[in-house]
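Q: So TrEMBL says this about it:
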DOMAIN    12-442  domain 'Cation/H+ exchanger transmembrane'
TRANSMEM  54-73  transmembrane segment
TRANSMEM  85-105  transmembrane segment
TRANSMEM  181-198  transmembrane segment
TRANSMEM  265-284  transmembrane segment
TRANSMEM  304-330  transmembrane segment
TRANSMEM  419-438  transmembrane segment
REGION    466-492  region 'Disordered'
COMPBIAS  466-479  compositional bias 'Polar residues'
COMPBIAS  480-492  compositional bias 'Basic and acidic residues'
REGION    505-525  region 'Disordered'
COMPBIAS  511-521  compositional bias 'Acidic residues'
């Protein structure tokens, strides 16, 4: 009964705080930390002690997976250099520089322990930053960088933390740490890539969305556990699995499965995110109580934490400047590659390579050229200048994972309570100070959002392509039906043709039950309508998948149209029945 009351109260608290934060225009994590800390100091409030493994192994995998499945694979690939810089190089730099500071300020602190805490405070949490950024209209590429960094840097930090803890017990060389890091990343990537492919293909065999959802909920742990057992990064394995699942899901999973998964993971992510930030606030009072009885005073611990918080912010700002310069150089190189790609495309169109390439090879070359041209267009049209760089530099808030990771330090670690409190101060300071001032920074930097006119043109162009493919499929299907002696009713055909034409609107589903009375009088007419509409949707989905593979359209456009197609398909499903999968 007591546990049930806690769970119910917790969920209600999350909903109330999130709703209140939205009315105040704040990111919910900020308010949750404050509320949690306030609750911890209420007289008679029992101390909340959460095993860090519950967060790192129980909450973190599904939380990262929920974000990863919404991360467009093309966007992740196009920004991989910048994401790697932020999630790996910046994490390493922050670990080393923070370790140096802690070794200097904490009396007698060994280097391995100092670097362990440096690794703990190095990863950022993108939840607050992206929630603020979306509300204020930050460009999609900047949001992708923040989310991608948040997905990968936990893995980098935890690998470095593991190496530092190992160095506490035995001598470990830089070479050993490097090899362990490479091994962890490569093996985790392989596990994630294999599971990501197997996941969607096996789930495609299930006809029941309930069973499909049940499997989906354990996929993060199926990636995390074997990777950790093999000494690799379970976090990175989860991320790779999620990104590939999100990319291949539209091709293999049914509409009902995709819509159910989207809703379920959004809900679960909300609950998990709220739990970790509320727990983070609740952890403050017990941490202070532990520190008071130790040798390093509470005041000194708080001051060292503030110094470390300032340092990680400065390191990020210093790192971001050359990163933005590198991105700008990449944009200039991309613009310079346009003429070469144009010449190759002309040669392919004019038959200059016909003697050297088979039809199959020509098709492969055309696909690569199309993708390369789309990548170049992305780099040129969605460049990041100093305005975006300023926001990127300031959006380095730490979160609850920092506090949980700090609590994994061995029990015999010198100054352990103080070090955990220092990590908490870094996380809370960056989260509250940077989180509360980020809207001001965004407004002052005047970061331009996505080009709305370009998005609208691309959206209409995609709808035109899909309408054309749908009408072609309808014509072909009607002709085949006539050849087989089962002609399509003229009224049904006209209704299908009208309903399947995607005009300047989000695709609107019409049910067969909405057919005029003379058409609904025949069960055969209703079945013809559904069959033809599904055939049209299948053709339109094929066009959409080709566009997704080529990367020729913005990910937000693809997701909008994909969601609309899924809803349209579900509207044609008879009650109690399932549609055939793609």
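Note: Cβ is positioned from N, Cα and C throughout, glycine not excepted.
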Q: Any residues 6+ beyond the ends of the transmembrane segment (304-330) with a Cβ under 8 Å from its own?
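A: Contacts with the transmembrane segment (304-330): 81-82, 85-86, 89-90, 93-94, 97-98, 101-102, 105-106, 121-122, 379, 383-386, 388-389, 392-394, 396, 398, 418, 421-426, 429-430, 433-434.
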Q: Can you tell me which of 85-105, 181-198, 419-438 gets the most C-beta pairs within less than 8 Å of the transmembrane segment (265-284)?
A: 419-438
Q: In the compositional bias 'Basic and acidic residues' (480-492), how many residues does DSSP call helix, how many strand, and how many coil?
A: 7 helix, 0 strand, 6 coil
